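A short worksheet on the structure shown next.
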Amino acid sequence: MVKLSNLLVATFGVLLVLNGCLARQSLGVPPQLQNECNLDNLDVLQATETIKSEAGQIEYWDHNHPQLRCVGVSVARYVIEQGGLYLPTFFTSPKISYVVQGTGISGRVVPGCAETFMDSQPMQGQQQGQPWQGRQGQQGQPWEGQGQQGQQGRQGQPWEGQGQQGQQGRQGQQGQPWEGQGQQGQQGFRDMHQKVEHVRRGDVFANTPGSAHWIYNSGEQPLVIIALLDIANYQNQLDRNPRVFHLAGNNQQGGFGGSQQQQEQKNLWSGFDAQVIAQALKIDVQLAQQLQNQQDSRGNIVRVKGPFQVVRPPLRQPYESEEWRHPRSPQGNGLEETICSMRSHENIDDPARADVYKPSLGRVTSVNSYTLPILEYVRLSATRGVLQGNAMVLPKYNMNANEILYCTGGQGRIQVVNDNGQNVLDQQVQKGQLVVIPQGFAYVVQSHGNKFEWISFKTNENAMISTLAGRTSLLRALPLEVISNGFQISPEEARKIKFNTLETTLTRAAGRQQQQLIEEIVEA
């Protein structure tokens, strides 16, 4: 009787486990995502879709491709013509971008942060002594939406987070202008907005989920940006489909690739009733309807008519100070950078900032959460590589990240080996092509021709690699006895394998004649 009871309990437990597994399989994991990383063959990927706008175009890679689906990312290339403006958008996934070509001005809107860039020039037609409409608080009235607390700040109390300096600047209510303003500034600001930054070739910049971002091409050539969305990131609470939300403009050709491409995509205002918009923004209904861009067919990249006037600092110096890049104190006090003032970009195309540099071979530069703290929030990082002719990157693998390699110039050969020891990729890669290198897959990169340049995005804020050859390699760390017994070779041969390569990252790729000479020397 006891045995029968135990048998029934065991049977019930097995059925419960099986039921839970089946429920998870049917509800939690869609069929198209099951076994999505069974990659027996890798391909060099090309952009599959192009969406054109008035002043540029966006090219997408199919995020449903097995390789991109495996690593959980979506990739796009933005081409913004001179004078083009990429309208404000935000995503549900973290985004990291690299400027391949050109210069521009970018801005990101972080919810809850103040407008720290202000233009104190008087507006056209503004009369002397007449405040800007909506800024009647200079006489003691609060701004619209402030209430008593904001009104008290006008009586000499500092704003939250200002301190004595800000308080002194606010004592201008008795006739003194705000700190940094003259008589014109006392009349009101022409414009106020959040931080604006210059971007140029070689810049890596990141965007957190939900933070709107815009960019303007201020240069004389097309601004080309390659961007990656980490749709498998924990901050994306939806499915593994890239979702872009537009604050302005309409895209009649579709969304961010994949399943959204067949459906026209409008901005967020289009879904609201015009009367509701008018009440929320305190404007008339006709202007509210204009926000919905119902008849706008320019797309998401529009051409700016006339000069593009935003408050921005002068173009930064070519080299930032080392003190800024490497602060004296290894532990911050929490005041240096907040989410509002945090830098969102870092240039990694400057040879002076290379982590590995050999003039005859090339250079490698990485950016992670230590050099760009915002990457800690998005959990992404990047590596810039340049190989000279007949050079190679020693075989290695990514320990804790997937890698998405994009060729920015030249040609190169890439070989990738999977967990079964099979060569799953051995192809030439050229400008504009993409290669997915899953975590743990070993690979080697060789230049083909004069030069090979690339940018790699990695799905970890502090991605780590392990080399298979060289002075700091896995083989170098093994005892000779392990190598000789593992490969059934003599101790002398094991010594050659372990110590012959002195480089750590880059080396010279031997040509056929050089390789034949080495073999003759070894045989002799």
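The backbone N, Cα and C atoms fix where each Cβ goes, glycine too.
Swiss-Prot records phosphoserine for one of S211, S466, S484, namely S484. Here C70 is paired by Swiss-Prot through a disulfide bond, and of C37, C113 its partner is C37. As annotated in Swiss-Prot, phosphothreonine applies, among T48, T501, T505, to T501. Of all the modified residues listed here (S97, S366, T459, T501), the one with the fewest other CB atoms within 10 A of its own CB is T501. Long-range Cβ proximity for Y78 (phosphotyrosine), meaning a same-chain Cβ under 8 A and a gap of 6 or more residues, is found for G56, I58, Y86, I215, L223, V224, I225, I226, A227, I301.
The domain 'Cupin type-1 2' (346-495) scores a mean pLDDT of 95 in the predicted structure.
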